[in-house]
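See below for the structure under consideration.
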Amino acid sequence: MQRLILASSSPRRKELLENLHLHFEISSSNVDESFSPELTPEDAVMELASRKASFIAEKEQDAFVIGSDTVVVHDGEILGKPTDEAEALSMLKKLSGKTHSVYTGVSIIAPETETQFYEKTDVTFWELSQEEMDAYIRSGEPFDKAGGYGIQGFGSFLVRGITGDYFSVVGLPVSRTVRELRKIGYVLPY
Ligand SMILES: Cc1cn([C@H]2C[C@H](O)[C@@H](COP(=O)(O)OP(=O)(O)OP(=O)(O)O)O2)c(=O)[nH]c1=O
């Protein structure tokens, strides 16, 4: 029986992977999430995903381990999770009325190999009023999310449209993930 481990503490990633009808365990990775400012967003998310997967794979050498990382990029600037209300407001102001890119990197470490890939999804926000931004911040939703919003929750009212994989914005590009798992020998039940 092959073991699959999701190296994440994100309830969204757990839910997304559960949708795929796979049996997996969860183990959260406690890694340093800083990265060199010289890295491109795609290299940064793949490196952080790899760090998260490696942290678990070192202890679980017979398993397939999935790590993932998401950032929002606006005008060349990488936006992580806001730490306070002022930062959340500043992020929403930057994203208002514009299109930004969400990058999610994935690393899958299997007994003999590591696979890394990323998905880029462009997300366009409506022009937001001060009242809308204040209400969104008051909801508390921005604080554990890259770019300070969640497309899958209350934040859905901010979004005018997207181009690319919706699930990647939520935190895990699931359909590409199963295809990559199959390529490296993980047996899917379908
Ligand atoms: C843009 C966006 C991000 N997010 C979330 C996905 C990620 O959980 C989070 C980005 O932070 P990450 O550092 O990628 O992940 P995490 O700290 O939540 O979980 P872990 O490292 O343990 O796997 O932002 C949404 O839920 N919805 C969105 O629309």
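Here, residue 1 is simply the first one shown, and the rest follow in order.
Just so you know, glycine gets a Cβ as well, placed from its N, Cα and C.
All TrEMBL annotations are machine predictions without curation.
According to TrEMBL, the site 'Important for substrate specificity' annotation covers R12, T70, Q152. For D69, the entry in TrEMBL reads active site, proton acceptor.
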T70 (site 'Important for substrate specificity') versus R12 (site 'Important for substrate specificity') - Cα distance in angstrom: 12
Among T70, Q152, which are recorded sites, the residue with the most C-beta atoms within 10 angstroms of its C-beta: T70
CB contacts for R12 (site 'Important for substrate specificity') [other CB atoms within 10 A, all chains]: 18
Cα separation, Q152 (site 'Important for substrate specificity') to T70 (site 'Important for substrate specificity') (Å, whole number): 14
Number of other Cβ atoms within 10 Å of the Cβ of the residue listed as 'active site, proton acceptor' across all protein chains: 27
D69 (active site, proton acceptor) and Q152 (site 'Important for substrate specificity'), Cα-Cα, nearest whole angstrom: 17
Assigned conformation of D69 (active site, proton acceptor) - DSSP reduced to three states: strand
